[in-house]
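**Q** Here you go, one structure.
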């Protein structure tokens, strides 16, 4: 008799995805982030569900309902902080995952890569709308500033913004629809993640060497299930340290002030994980130009497979490209720092230089380094 996990129609899918999946024998801890992202998504859906049971999406009561969750609901404070800091952990894992894909040339799996970019946009949209829900000062002004960027679109911009707002300003209609979208998007993300995995399992995983590993595969379970548990424990430890000791470290103090349309905060800024894109937006004095740069800062990922000029897949044996990759990482950290600073000298200049470096590294320097490395191979 055949084992049930190999014969049952439903369990068979799980078996082929997580148990008997042929996996390269040499993948490192950088391949752990995919499973960690899955854990983050499940955690966010569960904590979000419990928060939604007590939250009210009305401008009059939203702020006090979040306060009520923290003060009166049984363990409401820990659920709220796990959800807020869970989003930060989600983005840390997400950026590491994308960075690993860029370093080891995983973008050559074009379908998997493109669905990954769609996932990134969906997660960013979800996080942005979630930040609006507590209806604090930064929630309100963040929503106003970011949605208002759409007015830069010629002809239809103003109508589009008013359509998204559901009125002539960010108000009750905006909050209600943002809550509805924030609730539904994680389920769309789950479906996209399933398609992401489907395409990945069509080709099999990449590995650090960048060479095909068909001749050297091992089953996912028990080898990588146990390896992933280590990463999972590290993730949970970091998250719980944040939640229990520094719950507000990554948040903005202004969001503890109820939203007031008549009082603008001194520095409007998004959550830390959007600061690099916000810095790129601010570095261009023109509104439409800034919006285009903002979108391109993420959409440029879709161009990476086209810009790949090297004969080697990953950067494992390409020191010049490695230097540029870590320059890009340092540049993104600089942009993140600049995004949180006020718009004044010298931060404006640093932001503009970092933005130019970001685009020139990806569009010009990396393709050139690939060509140079190809030439060096012939010597």
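Positions of Cβ are set from backbone N, Cα and C atoms, glycine also.
Below, the features straight out of Swiss-Prot:
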TRANSMEM  33-53  transmembrane segment
TRANSMEM  77-98  transmembrane segment
BINDING   83, 182  heme b b562 binding site
BINDING   97, 196  heme b b566 binding site
TRANSMEM  113-133  transmembrane segment
TRANSMEM  178-198  transmembrane segment
BINDING   201  ubiquinone binding site
TRANSMEM  226-246  transmembrane segment
TRANSMEM  288-308  transmembrane segment
TRANSMEM  320-340  transmembrane segment
TRANSMEM  347-367  transmembrane segment
**Q** Find the one among the binding-site residues 83, 97, 182 whose C-alpha lies closest to that of residue 201 (ubiquinone binding site).
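**A** Comparing Cα positions, the closest of these binding-site residues turns out to be 97.
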**Q** Long-range same-chain neighbours of residue 83 (heme b b562 binding site), Cβ under 8 Å, sequence gap at least 6?
**A** 44, 47, 48, 51
**Q** Counting only pairs at least 6 apart in sequence, do the transmembrane segment (320-340) and the transmembrane segment (288-308) share 3+ Cβ pairs under 8 Å?
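**A** In this chain the transmembrane segment (320-340) does not contact the transmembrane segment (288-308) - fewer than 3 Cβ pairs sit under 8 Å.
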**Q** Same chain only, please: residues at least 6 beyond the ends of the transmembrane segment (77-98) with a C-beta under 8 Å from a C-beta of the stretch. Say none if there are none.
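**A** Here the qualifying positions are 30, 33-34, 36-37, 40-41, 43-44, 47-48, 50-51, 66, 69-71, 116, 120, 123, 127, 130, 235, 238-239, 242-244, 247, 250-251, 271-273, 301.
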**Q** In whole Å, how far does the CA atom of residue 196 (heme b b566 binding site) lie from that of residue 182 (heme b b562 binding site)?
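**A** That separation, Cα to Cα, works out to 21 Å.
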**Q** Using Cβ atoms and a strict cutoff of less than 8 Å, what residues sit near the transmembrane segment (113-133) while being 6 or more residues removed from its termini?
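**A** The answer is 55, 57, 62, 66, 87, 90-91, 94, 97-98, 101, 106-107, 139-140, 142-143, 146, 174-175, 178-179, 181-182, 185-186, 188-189, 192-193, 195-196, 199, 270-271, 273-274, 298-299, 301-302, 304-305.
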**Q** Counting Cβ pairs closer than 8 Å, which of 33-53, 178-198, 288-308 has the most of them with the transmembrane segment (226-246)?
**A** 33-53
**Q** Checking distant contacts: for the transmembrane segment (288-308), what same-chain residues at least six beyond its ends satisfy Cβ-Cβ under 8 A?
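**A** 98, 102, 105, 107-108, 110, 113-114, 117, 120-121, 124, 149-150, 152-154, 276-278, 280-282, 355, 358-359, 362-363, 366-367, 370.
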**Q** If you draw a 10 Å sphere around the Cβ of residue 196 (heme b b566 binding site), how many other Cβ atoms fall inside it, taking every protein chain shown into account?
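**A** Result for residue 196 (heme b b566 binding site): 21 other Cβ atoms within 10 Å.
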**Q** Quick check on the binding-site residues: of 97, 182, 201, whose CB has the lowest count of neighbouring CB atoms inside 10 Å?
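**A** So among 97, 182, 201, the binding-site residues given, the one with the fewest Cβ atoms within 10 Å is 201.
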**Q** Round to the nearest Å and give the CA-to-CA distance linking residue 97 (heme b b566 binding site) with residue 182 (heme b b562 binding site).
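**A** That comes out at 23 Å between the alpha carbons.
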